[in-house]
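Notes for the one structure printed next.
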Amino acid sequence: MVTTHNLGFPRIGAKRELKFGLERYWKGESSRDELKALGAELRRRHWHDQRDLDLAPIGDFAFYDQVLDMSFTLGNLPKRVQDFHGDALDNYFRVARGRSAQSAEEHAACCGGVAAGEMTKWFDTNYHYIVPEFHADTNFSLDPSRLLQQLAEANAQGVNAKPVILGPVTYLWLGKAKDDSDRLALLPKLLPVYGALLDTLTAQGVEWVQIDEPILVTELDAEWRQAFRIAYAALETRRIKLLLATYFGQLQDNLTLAASLPVDGLHIDAINARDEVDALVRELPAERVLSVGAINGRNIWKTDLNAALDWLEPLAKQLGDRLWLAPSCSLLHVPVDLASEEKLDAEIRSWLAFALQKLDELKVLATALNEGRDKVADALAANAAAIDSRRRSPRVNNPAVKAAIARIDARLGNRTSPYTQRASKQSARLNLPAFPTTTIGSFPQTAEIRQARSRFKAGALDEAGYRKAMQAEIERSVREQESLELDVLVHGEAERNDMVEYFGEQLDGYAFSQFGWVQSYGSRCVKPPILFGDISRPKAMTVEWIAYAQSLTRKPMKGMLTGPVTILNWSFVRDDQPRAVSCYQLALAIREEVLDLEKAGVRVIQIDEAALREGLPLRRAQWSEYLKWAVESFRITANGVQDDTQIHTHMCYSEFNDIIASIADMDADVITIETSRSDMELLDAFDTFKYPNEIGPGVYDIHSPNIPTQDHIVGLMRKAAERIPAERLWVNPDCGLKTRQWAEVIPALTNMVAAAKMLRNQVQ
């Protein structure tokens, strides 16, 4: 019999209950006990949703991040919070979010009382994790309370529980040494704590533990490979069964290593590594379980179940009880329930599967393998009809778009003149001071903005009323920026629900959901639009709003667009053509918007590519192909304008030291980047690479409520000036200010502008 299980379930709730619960708690509007009760209720509901599985995950629920949870389980707390003796949950949030100082003395140590932990992308997804911090003298100590609490809840509910933990080698690999120490040198101290954790779970009657080691799908040197052998030899003596889980890619040169580790089962991502199944069957010891991720855990398209059974049936005959079935990875990366999508186009809806529907697909596959296809004939027929409908739909294929793609040539991606000539023309037109100040685009999405949007969508506010409300918010943003004496202004994006969904709603070839939310980090959720067909732009999307904002001020107003690579990487993308083709289609559509903004008199146009690095394949050998079409797509978008129109781009969480040449090749006049959480570490790339254009290193972390001091910002900019000529530096926050409150934004930007003025005086 085939065993079914799941690697993880979305934790936010079908209606984002966790997000709203967290925000109430952080604002002091609910108690700690109420938040913990909400967590328990979500876990209860999610285990009920997974009741048909043979094994359901526990430990996948986190109030902020599963990697941060593992740090607390291992007793690896940053030194700056180790002396805090209050509630563990509050300490947890101190690491996740930081805490502003209450006094000048606290400010002296940092930009606030407690600095937030560094946050970065979880492999090549749009989820972010809190980076574990290590020092040469780091010690570990077991705190299993979180897992034991969830295990007790699951047992009481009758769940056949499979605890999920992050493996020791991946945990070290994901972290960062805060001194010059070697992370792997900590492995001997870490392994006994893992052993104690497994012993603790064994004592609770747990049979299987899922231990995630996704770095096995990346390129590993000999030292890291040896770390796997050492780690699992040490854990082999435990009496508990280990399912080693890999996902997000192929094992490739790590296949033999993964197959040889002394564990009881191996999970692979059979969406990406389907070609490796036969080799694994040959290499795995005869008694070992092979779990195949046959349902895509990262996209929302229905699985072709009949096609999946065509290759699973021979495998089931070969492996028998040793075959397990699961999604390819945790379902954290997809929305919860398609059944909520009552307003989604019925035809498009028939092509989709969210987390609950993927579990239904898993059940159909397992039933067909265990009892024969006839047992689920109706479900298989319905699935086949949906797959065929999508394949044949004229809504998916637009001949005019395909013809435009065929006409793309190199000239489309080139500016008229090189940067040095453009810079002088832009300087004359914009007349900006040294260290010009700007923000990245969005200002706080206030309750009034959200209420107006909600009323408009519900039909309670007409279009004229909605436009008036948004114009009032735009005017407020402009007046605040003028009062702050910022140099290049933004309109604040009051009218935008999301930097990608806003555009997806206005492009042909896109559909959008009501409740298709996925977690990005903490309480931050995004609702990726659904790219189902060929992309085109029926009409201008932003010109009216930007032109109105520009009419309110004589200062330059940035046109704000999301770039094609980011729209692609933050969408649920069609899987029936190469991603590069979809990206070129987006580039042509956004290019039309860029040219319309320029015609409307907009002098500065920002094209955000926040997710450029996110699309990089996990293996470096595959980078060049991705970067080629990603950079080409940006250049097609940006390079139709005149020399005196200044093109900006923004990248967040982009550890781009290793792709700096490609970023330079994008040829944006100004790039703004996230650097504050890494203390300008991202600028190390400029020690050896002479970036030719202008750059704005982010000077304060907008993901934390901390208010940076003027001196702190000046210090960061001085570090930047050691690498970038002062005349090419801008001063700006790390990212957009949408998630902050005006009470936080005004003092932070006041200090930022004051810092820029101080720098100008020092330069003069």
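Cβ coordinates are placed from backbone N, Cα and C, and glycine is handled just like the others.
Secondary structure from DSSP puts His703 (active site, proton donor) in coil. Residues or ranges marked as active site, proton donor in Swiss-Prot: His703.
For Arg16, Glu17, Leu18, Lys19, Lys121, Arg524, Cys525, Trp570, Glu614, the entry in Swiss-Prot reads 5-methyltetrahydropteroyltri-L-glutamate binding site. Cβ contacts within 10 Å of Lys121 (5-methyltetrahydropteroyltri-L-glutamate binding site), excluding its own Cβ and spanning all protein chains shown: 19.
Annotation note: Asp608 (L-homocysteine binding site) sits in a strand segment as assigned by DSSP. Look at Swiss-Prot and you will find Ile440, Gly441, Ser442, Glu493, Asp608 tagged as L-homocysteine binding site, backed by sequence analysis.
In the three-state DSSP scheme, Ser442 (L-homocysteine binding site) is classed as strand. What Swiss-Prot lists as L-methionine binding site is Ile440, Gly441, Ser442, Glu493, Asp608, and the listing cites sequence analysis.
Taken from Swiss-Prot, the feature Zn(2+) binding site covers His650, Cys652, Glu674, Cys735, and the record attributes it to sequence analysis. DSSP assigns His650 (Zn(2+) binding site) to a strand in the three-state reduction. The Cβ of His650 (Zn(2+) binding site) lies under 8 Å from the Cβ of Ile440, Gly441, Gln606, Asp608, Glu609, Ala610, Ile671, Thr672, Ile673, Cys735, each of these being in the same chain and 6 or more residues away along the sequence.
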### Summary
Rounding to whole Å, the Cα atoms of Glu614 (5-methyltetrahydropteroyltri-L-glutamate binding site) and Cys652 (Zn(2+) binding site) are apart by 10
### Task
Would you find the one among the binding-site residues Asp608, Glu614 whose Cβ has the most company, meaning other Cβ atoms within 10 Å?
Asp608
### Task
Give the three-state DSSP assignment (helix, strand or coil) for Cys735 (Zn(2+) binding site).
coil
## Note on the structure
Excluding its own, the Cβ atoms lying within 10 Å of the Cβ of Ile440 (L-homocysteine binding site) add up to 25
### Task
Determine the minimum-neighbour residue: among Leu18, Cys525, Cys652, Cys735, listed as binding-site residues, which Cβ has the fewest other Cβ atoms within 10 angstroms?
Cys525
### Query
Measuring Cα to Cα, how many angstrom lie between Glu674 (Zn(2+) binding site) and Cys525 (5-methyltetrahydropteroyltri-L-glutamate binding site)?
20
### Summary
Glu493 (L-homocysteine binding site), Cβ-centred 10 Å count of other Cβ atoms over all protein chains shown, is 25
### Integer Å distance between the CA atoms belonging to His703 (active site, proton donor) and Leu18 (5-methyltetrahydropteroyltri-L-glutamate binding site)
18
